[in-house]
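Participant: Not my notes, these are from TrEMBL:
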TRANSMEM  B:9-27  transmembrane segment
TRANSMEM  B:39-59  transmembrane segment
TRANSMEM  B:66-83  transmembrane segment
TRANSMEM  B:89-112  transmembrane segment
TRANSMEM  B:119-142  transmembrane segment
TRANSMEM  B:162-180  transmembrane segment
TRANSMEM  B:187-204  transmembrane segment
TRANSMEM  B:210-233  transmembrane segment
TRANSMEM  B:245-278  transmembrane segment
TRANSMEM  B:290-308  transmembrane segment
Amino acid sequence: MTDTTATGRQLPDRLDNPVKSAVLSWESLLVLVALAIFIANSFASPYFLNEWSLSDMTFNFTEKALIALAMALVIITGEIDLSVASIIALASTMMGLALQYGADTPTLVAVGVGVGILCGAFNGALITGLKLPSIVVTIGTMSLFRGIAYIVLGDQSFRGYPASFSWFGQGYVFWVISFELVLFLLAAVIFYVVLHHTNFGRRVFAIGNNATAARFSGVRVDRIKFILFCLTGLMSGLAAVLLTARLGSTRPSIAQGFELEVVTMVVLGGVSILGGSGSILGVVLAALIMGLVTFGLGLLNIPGIVMSIFIGALLIVVIALPILFRMWRQRRA
Amino acid sequence: MNRLLKSRELWLAVGIVAVVGLVTLRFPRFSQPGNLLTIFNDTSILMMLALGQMAVILTRSIDLSMASNLALTGMIVAMINAAMPGVPIPLLIAGAVLAGAALGAFNGILVWKLDIPPIVVTLGTLTIFRGLVFVISGGAWVNAAQMSQEFIQLQRGSFLGLPILSWFAIVVAGLVYLLMTRTPQGRAFYAIGVNPTAAVYTGIDVGRTKFLAFVLAGAISGLCGYLWISRYVIASVEVAGGYELTIIAACVIGGVSIAGGIGTVAGALLGALFLGVVNNALPVIGVSPFWQMAISGTAILVAVVLNGRSEKSKGRIILKKAEAGA
């Protein structure tokens, strides 16, 4: 899945105007798209512009977006993790199992997050230790993790989570601001600082642009990739806590198909699937857009499966438009 | 290299025989010819799909939309059959192949002309195609009572002792084998997987070759769309949900390298057959079907570890020395 056309790079004789490049950036395009959808939603449904409606809207994306933050880093290094939804299923199942043995709320959260980290470490060890392609490994662990959930649960489900646990998925910190939203915003700020303002973040980009060159300049490529897979596992574990608390029950089919939505979010956010570029701001905006689209269509009574057409088309169109625009400009020049 | 490739398929065949042998020790009837033919017939659809996926993976691409393509074309032919039972079935099958190929061509055009990474394109069309199943059917099912008898019975007929469905798989496998080993197009699939830059210099159009791989995968998905619907006699939105990963699993187990350029028809067939044998053996030995998923996951991981060992290119010596010194 690599580029084959080796085109020479043209060296500019001056730097781009920062204002101009900010206006023309991917993020500003996303802001425009988000605004357009927001306005369209307000006209389409009288129930949309209401603080509780908007608060409900955030539940559409917070869990997936938490994972998307970590997934963005993984994809920037040129890898991918398709097992995230299955990690949610396994972590949720283990929390349910712990509940059967009388675990209290702090233990439940620890189990969920712990299982997430372990699953991520398992992925990371196979990928960096044995030098295997991440896409195949995580397709395998995707079956394995959810498979274990099926072995434990079969066609049964765990329910009866304590009220103090449900707060993580259903509670509000302040007015209409849910705990999930606060956690997501906090995580987004942390990921923003880590990716864009630390050495670690620079190394993540370095690996994605040229892993060999990064190794020669002293970046511990394997260690960083391992950490990133653990991080994705951790975020999936957190998402499992939130989702389980919100739904109040665990089935082995929980979070089915999340992995593709998370990857869609990341790619829509302007992270190159080939690695090497992307921003956290873009991912956050893409999460917001996907939340707005699904919620707006939901208010119009459009079934979920039809919404997925919009999401799929959005993914392709948003990627294709800049390419078409570039081709059109080249043809004119 | 050739001997290595041969041995990989050999080991997979040994693995399949071992599974069959172990189950037979406890349940002698498992390896009776009749049951083995049933397993082969049950796996026919997966084998065909794995061959289509292999062509795509060989070119360093991936097609995540095959199962959705199958569901969509299946729904289209089922609805045509329900509305117009008079349309002859061979014509309907040709239509399914064409419709599937058209959906595959849509993927291929985006990859070829716009140079969008295949995983992004097919991630999008995965949801779009399945959503379209809902749109055209309005969420309703097409069930056995609405389908014509010929539609249901065609693949259940038998020819030389084998069900027609098995013959479909054999013919498709034969055609793909000829394509891969006896035609310049087949060599091109391998060439751009092994070294795209070198392939360009030998005059191969990389984009066009990828496009053709997607069309092939789409056409096979379309054919399997008809076969799946007429076999399980129900067309709904959920048909083959999540099956795209089973198809890729069959390829990976069969030794098709996700990095492109490596893979054989025999390998992909055996990979699919391995999954088929395991799925058939589980109920026989009294293991709950809920174990299926974890077992195929483990099989993928074992296969990729084994394949990775033989494919691994030599690392850079200078870095190894530096690491040893550190």
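Glycine is no exception: its Cβ is also placed from the backbone N, Cα and C atoms.
How about a rundown of where these features are and what they're close to?
Facilitator: With a cut-off of 8 Å between Cβ atoms, the residues of this chain six or more beyond the transmembrane segment (B:39-59) that come close are 66, 70, 118, 162-163, 165-166, 168-169, 172-173, 176, 180, 189-190, 192-193, 206, 209-210, 213-214, 216-221, 223-224, 227-228, 231, 243, 246-248, 250-251, 254, 256-258, 260-263, 265, 267-269, 271-273, 275-277, 279-280.
Among residues of the same chain six or more beyond the transmembrane segment (B:89-112), those with a C-beta under 8 A of the stretch's C-beta atoms are 61, 63, 65, 69-70, 72-74, 76-77, 80-81, 118, 121-122, 125, 129, 150-151, 154, 207-208, 210-223, 225-226.
Long-range Cβ contacts of the transmembrane segment (B:210-233) within its own chain (Cβ-Cβ under 8 Å, at least 6 residues beyond either end) map to 44-45, 48-49, 51-53, 55-56, 58-59, 61, 63, 66-67, 69-78, 92-93, 96-105, 107-109, 111-112, 118, 142-144, 147, 151-152, 154-155, 165, 168, 172, 176, 179, 185, 189, 192, 239-240.
Counting same-chain residues at least six beyond the ends of the transmembrane segment (B:290-308), those with a Cβ under 8 angstroms from any Cβ of the stretch are 8, 11, 246, 249, 252-255, 257, 271, 274-275, 278-279, 282.
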Participant: Do any residues of this chain, six or more beyond the ends of the transmembrane segment (B:245-278), have a C-beta under 8 angstroms from a C-beta of it, and if so which?
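Facilitator: Same-chain contacts beyond the ends: 5, 8-9, 12-13, 15-16, 19-20, 39-40, 42-43, 46-47, 49-51, 53-54, 57-62, 66-67, 173, 176-177, 180-181, 190-195, 292, 295-296, 299-300, 303-304, 307, 311.
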Participant: Report, as numbers and ranges, every residue of the chain located at least six residues beyond the transmembrane segment (B:9-27) whose Cβ falls under 8 Å of a Cβ in that stretch; write 'none' if there are none.
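Facilitator: For the transmembrane segment (B:9-27), the nonlocal Cβ contacts are 36, 253-255, 264, 266-267, 270-271, 273-274, 277-278, 281, 284-285, 306.
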Participant: Where else in the chain does the transmembrane segment (B:162-180) make close Cβ contacts, counting only residues six or more beyond its ends and a cut-off under 8 Å?
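Facilitator: For the transmembrane segment (B:162-180), the far contacts come to 37, 40-41, 43-45, 47-48, 51, 55, 154-156, 186, 189-190, 216, 220, 223, 227, 231, 264-265, 269.
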Participant: Mind checking which residues reach the transmembrane segment (B:119-142)? Cβ under 8 Å, same chain, six or more beyond either end.
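Facilitator: Same-chain contacts beyond the flanks: 62-65, 67-69, 71-72, 75-76, 78-79, 81-82, 103, 106-107, 110-111, 229, 234-237, 239, 241, 244.
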Participant: So which residues does the transmembrane segment (B:66-83) touch in its own chain, when a touch means Cβ under 8 Å and the partner is 6 or more beyond its ends?
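Facilitator: Here the qualifying positions are 49, 52-53, 92-93, 95-96, 99-100, 103-104, 125-130, 132-133, 136-137, 142, 146-148, 151, 217-218, 220-222, 224-226, 228-229, 235-244, 247.
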